[in-house]
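Feature list (source: TrEMBL):
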- 28-49: transmembrane segment (TRANSMEM)
- 69-89: transmembrane segment (TRANSMEM)
- 109-133: transmembrane segment (TRANSMEM)
- 153-178: transmembrane segment (TRANSMEM)
- 190-211: transmembrane segment (TRANSMEM)
- 244-267: transmembrane segment (TRANSMEM)
- 287-311: transmembrane segment (TRANSMEM)
- 371-392: region 'Disordered' (REGION)
Amino acid sequence: MASPRLETYCCPNRDAATQLVMSFQPEVFCGVCIGSASVSVLLTVLQLLPKKGQILRKMPKASSSSTILLLISVCDILGGLGVIFRSGVWLGFPGFIANISVANVTDMWPSAFCVGSAMWIQLLYSAGFWWLFCYAVDSYLVVRRSAGLSTIVLYHMMAWGLAVLLCVEGVALLYYPSLSSCEKGLEHAIPHYITTYAPLLLVLVVNPILFRRTVSAVASLLKGRQGIYTENERRLGTEIQMRFFKIMLVFIVCWSSNIVNESLLFYLEMQPDINEMPLKNIRSAALITWIIMGILNPMQGFLFTLAFYGWTGCRVDLKWQKREIPWESMSSSTVGENAYPSPVNYQTNLHDPKKLSTTDSQQTDEAISMLSEGNTSGDDRITRSSPIYQGW
């Protein structure tokens with residue numbers, strides 16, 4: 001799981017709310033985290049491996065969407081491996097972890113492990129949040145024809161740079177003046193929680209707006225392509241809309257428990273004594289959502305692959321050979337040799353409206369193809385009959 005409480009626990013003078021959740025059935029909690037993360041990592045890798053008999057779509061080289069989707073999955077896999085390693089050490093070496101509870105200046109390895117593993121998990125999942133935000137931005141720029149190969153460099157700088165910057169800044173403020181003598185108090189820990197949850201809240205608030213605008217722009221592109229809005233194009237637009245909906249649904253399901261849990265723990269921290277009887281229900285709710293976080297956070301990787309690609313099957317093909325795209329021969333036999341237009345020379349065809357119209361149509365096809373790439377859950381009849389794909 002990914003929670004700023006992991007870093008807070010590394011301080012010997014941790015707050016009572018953090019002590020409450022971290023000391024609640026640690027063996028059960030670590031076992032739940034290992035089980036959920038292991039299942040998610042294995043199924044995510046299985047989803048990404050090439051499959052026997054799988055139909056591959058020929059996508060434009062300038063597409064950055066597939067790269068972003070792959071990087072999101074990589075972040076989830078590496079974050080899940082961090083959860084497995086951290087929880088495994090907690091289960092296998094309880095005496096080693098017990099040294100974190102006291103300020104031990106002679107043996108810094110338990111504290112170093114606590115900080116290092118917590119930062120690794122937090123950094124990878126935070127980077128995944130930034131990449132998900134970049135995916136929403138890229139989808140919008142694609143339909144506006146403002147994205148290309150150069151934008152992926154900016155995405156790398158933003159995603160990795162901001163993730164590292166916020167993580168280091170938050171941890172530095174939390175462990176000031178030193179790890180063995182962290183300042184105690186809610187006000188001191190607030191900057192750390194803000195830097196942790198800022199990218200999560202950004203995705204929750206901004207991504208739905210960008211996805212909605214992208215879907216509207218896709219509908220306009222499909223309508224303006226030939227002046228009509230056919231059933232195939234309507235179904236393709238619906239498929240893209242459903243893909244965005246699934247992505248946000250997975251994100252909300254996996255991370256809403258974190259927001260609820262953190263709100264409950266902050267409320268407990270503001271009380272004079274969190275062990276008072278009237279607070280029993282709030283303590284129980286905080287502990288329940290804590291266990292839910294251990295289950296849902298690591299499962300994001302596998303659930304995202306389902307949202308991105310659908311279920312790709314279990315028949316893995318490790319030959320990595322180039323496979324034929326069936327509808328290429330079908331398109332060439334039905335629409336003739338002109339089904340695959342050659343690159344357009346903009347200088348020589350500057351005053352040719354017919355060729356410019358063809359170029360605009362190709363750009364529209366590229367934009368729609370980038371948004372729907374990797375999605376194998378759609379109807380093959382749409383892909384084979386729609387003019388959007390016949391140009392590939």
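Note: Cβ is positioned from N, Cα and C throughout, glycine not excepted.
Sequence-distant contacts of the transmembrane segment (244-267), counting only residues of its own chain at least 6 positions beyond either end whose CB sits under 8 Å from a CB of the stretch, comprise 2-5, 17-18, 20-21, 132, 135, 139, 186, 193, 197, 200, 203-204, 207-208, 211, 214-215, 282, 285-286, 289-290, 292-293, 296-297, 299-300, 303-304, 306-308. Cβ atoms under 8 Å from those of the transmembrane segment (69-89) belong to residues 1-2, 6, 30-31, 33-34, 37-38, 40-41, 44-45, 47-48, 96-97, 113, 117-118, 120-121, 124-125, 127-128, 131-132, 135, 159, 297-298, 300-301, 304-305, 308, 374 of the same chain, restricted to positions at least 6 beyond its ends. Most Cβ pairs under 8 Å to the transmembrane segment (28-49), among the stretches 109-133, 153-178, 190-211, 287-311, belong to 287-311.
Within the chain, the transmembrane segment (153-178) has long-range Cβ neighbours (under 8 A, six or more residues past its boundaries) at 4, 7-8, 10-11, 64, 68, 71, 115, 119, 122-123, 126-127, 129-131, 134, 137-138, 188-189, 191-196, 198-199.
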